[in-house]
Amino acid sequence: MVSQLTDAFARTFYYLRLSVTDVCNFRCTYCLPGGYRPDSHGAKRFLSCDEIRRISHAFAALGTEKVRLTGGEPTLRRDFCDIVAAVRENSAIRTLAVTTNGYRMARDVGAWRDAGLTAINVSVDSLDARQFHAITGEDRFAQVMAGIDAAFDAGFGRIKVNTVLMRGVNDGSLQAFLHWIRRRPIQMRFIELMETGDGSELFRRHHVSGATIRTQLLAAGWQRRLPGRSDGPAQVFWHPDYLGEVGLIMPYEKNFCASCNRLRVSAVGNLHLCLFGEQGIALRDLLQEDAQQAALQVRIAAALRHKREGHFLHQGDSGHTQNLSFIGG
């Protein structure tokens, strides 16, 4: 039996990003500007709670320590708390996180924590309510801010906030974000805009390197923090005068893929070795019975033989990723 997921480049995989739906109720300009549209084959049958439980059990047995539930908007699923509880059945999973647009946080975050959720990432691309509305297509800024407060009240000690960095949109907002996190335990994460199949023109207009933010941080006395083995790819910076931190995710940086530690499973049960990779390796046929666990683990481990050393974004190759709701970014 395979005991640990390792690829041909000696990278070990402790982190699973598990999409539970493609559906999202926001219309973010960099992801789903026209809103969610079912494909021509009709409504997809997303992974059931039992299938998710079997996936998480297999990955936990293969050394996974961290699972992040993604989408789409994962909290739109009516059984979201059941999904959280199913993943938390695995004691080897030390961190169970969600990436959310925050739409339901104010109402439901306490229930998520009670079910076993341990970490939250919230997408907030602007601290200006009008600009937030323009980016997301939803006038929900106050609601999302209330949700962040509710998460702290529910007992989450630190929250991560994701901001997609866009030239001419929010790249001049660093000081506003830093002021916001000065007395709040928030890790502010600036994510470089990435080119996808549907977003090439947006990328050409708005991409800006996260290095511009890094230069400003270092000049202001911020210091780099070393990552843990199940952390994501962010370069994290701290400052003694701030409760919050800043993370930079820069996929176009040299050697970005050298420390890759995550795999992805789509909402229909395909294993993706890279966000910008192949069409995926089907797992769903091995998710129907608990007795299939050994075969499932063997298939997952065998797939790693095909993982490439890096992506090809610099050549404009985004693989089969049409938009970031497809396998959860």
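Yeah, the Cβs are placed from backbone N, Cα and C, and that goes for glycine too.
Among T29, T99, T100, T136, only T99 appears in Swiss-Prot as part of the GTP site alongside R17, R68, K160, R262, L263, R264. What Swiss-Prot records for the S-adenosyl-L-methionine site is Y30, G72, S123, and among M188, M194 the residue it adds there is M194.
Inclusion criterion for the binding-site residues C31, L263, R264: a C-alpha placed within 10 angstroms of the C-alpha of C274 ([4Fe-4S] cluster 2 binding site); this criterion is met by L263, R264. Around the Cβ of C257 ([4Fe-4S] cluster 2 binding site), the number of neighbouring Cβ atoms within 10 Å comes to 18. G72 (S-adenosyl-L-methionine binding site) is 10 Å away from C31 ([4Fe-4S] cluster 1 binding site) when you measure Cα to Cα. Take the CB of S123 (S-adenosyl-L-methionine binding site) and look out to 10 A: across all protein chains shown you find 22 other CB atoms. Of all the binding-site residues given, namely C24, C28, G72, S123, M194, none has its Cα within 10 Å of the Cα of R262 (GTP binding site).
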